RNA sequence: GGAGGAUUCGCCUAGUGGCCUAGGGCGCACGAUUGGAAAUCGUGUUGGGGGCAACCCCUCGCGGGUUCAAAUCCCGCAUCCUCCGCCA
């Protein structure tokens, strides 16, 4: 959630941000009104309550007739206090609801517009040129006995798959390589839970616009996370972090679950868009003034890891309309997918400023008191899309695939070779 | 799944309806003392909100209820601990 003080002091800035996102600027006025109503209701309750407390202590000391008279007055007051409290509670709930509906204020440097209005920052690496007709990752996966989509659909439905044989080895190699990279860079490795309570889901902003993409377990009141950003953001929920401990930098490895509602017909072939995949996600808690520098660091890690895998990619500055509720700014790295002739998103890093921390009550304490921290997240390695990029970019005419040098020790071989069909 | 017990400030603890405006200890911070330190003494030390301010309100795991008044009584829930059963 955003800072109510910012909203009071500079509502135009928030309206402008909403407009840039293509969201409703009218929410700002709803919130301003609710805030005013809450403050006046709170004032009424507080003065009545103060009177009740002071009379209460007189009742304790009084005796006889005096006491009876006081009791009559306090009885009446009690009902008024109760009513005023209910009013003030309701007004607070209105504010909370309005506050949760409002997205983070966008960063001034983020390009304004929709999905297509991103700013290209750079292109890195060389796109492969083939003197043969390149196969797509589905054909390669079949040829190598690495990806079994037919049986994935049989067992679990569309958008599910089995990694088999060298596919399983490659997937694990990517993860282990990413973990080792993270540890070398001083990030703390984590294996988080992937079922979380509503507070964690709500706090990270995934129950708003993105709710339809979340798997819910209603019998247990839990949600399956779409990214380990969720458990990691909530990891320090309700805590006050010592200023000396910041920044806290984690790299969490977990499966991710996405319903992909509203994506019917998109990327139906292959494993670009799936319901379940493994990912190593970086997550940072830092002082708000350090957030931009940390964001640059996360982007640098993403680029370094893609470089390690020798993949050609580009970096874009995501436009305001495509940021998601929590992010003020977002950079995507997109790997080249030869058979699509396109760059496709493989990693994404978001600066959520203090938006998530405010919802999750994650603060830091220093000389100036307590205040919310900033949170940032970034993909280090999303397995299926990296498998796609590796298979397609490094394929040879005979259907074999060269393993990038950094992964060779983890995969245990220098090339993936075609196998007989099973 | 069943039976018990617990949850109060960073930590330990007092508290069984009004003198709790939550006491004490440890730790921490600042000050006094000292050549400097230890010890000692003093002061401060949950978090959130409202108000220009003085100051006020909320906060004893969470949510309800009883009462003029709840840390305290009642109901529900959560988490942790112990034991039993079942399972990996």
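Cβ coordinates come from backbone N, Cα and C, glycine included.
TrEMBL lists A:227, A:228, A:229, A:281 as binding L-serine, and of A:364, A:370, A:379 the one it places in that same site is A:379. Our reading of the ATP binding annotation (A:258, A:259, A:260, A:274, A:345, A:346, A:347, A:348) yields a largest Cα to Cα distance of 19 angstrom. Apart from the site residues A:227, A:228, A:229, A:281, A:379, the chain places the Cβ of A:230, A:232, A:252, A:254, A:256, A:279, A:282, A:283, A:377 no farther than 8 Å from the centroid of the site's Cβ atoms, the recorded L-serine location. With respect to their backbone Cα atoms, residue A:345 (ATP binding site) and residue A:281 (L-serine binding site) stand 15 Å from each other. Within the set of binding-site residues (A:274, A:346), the lowest number of other Cβ atoms found within 10 Å of a Cβ is recorded at A:274.
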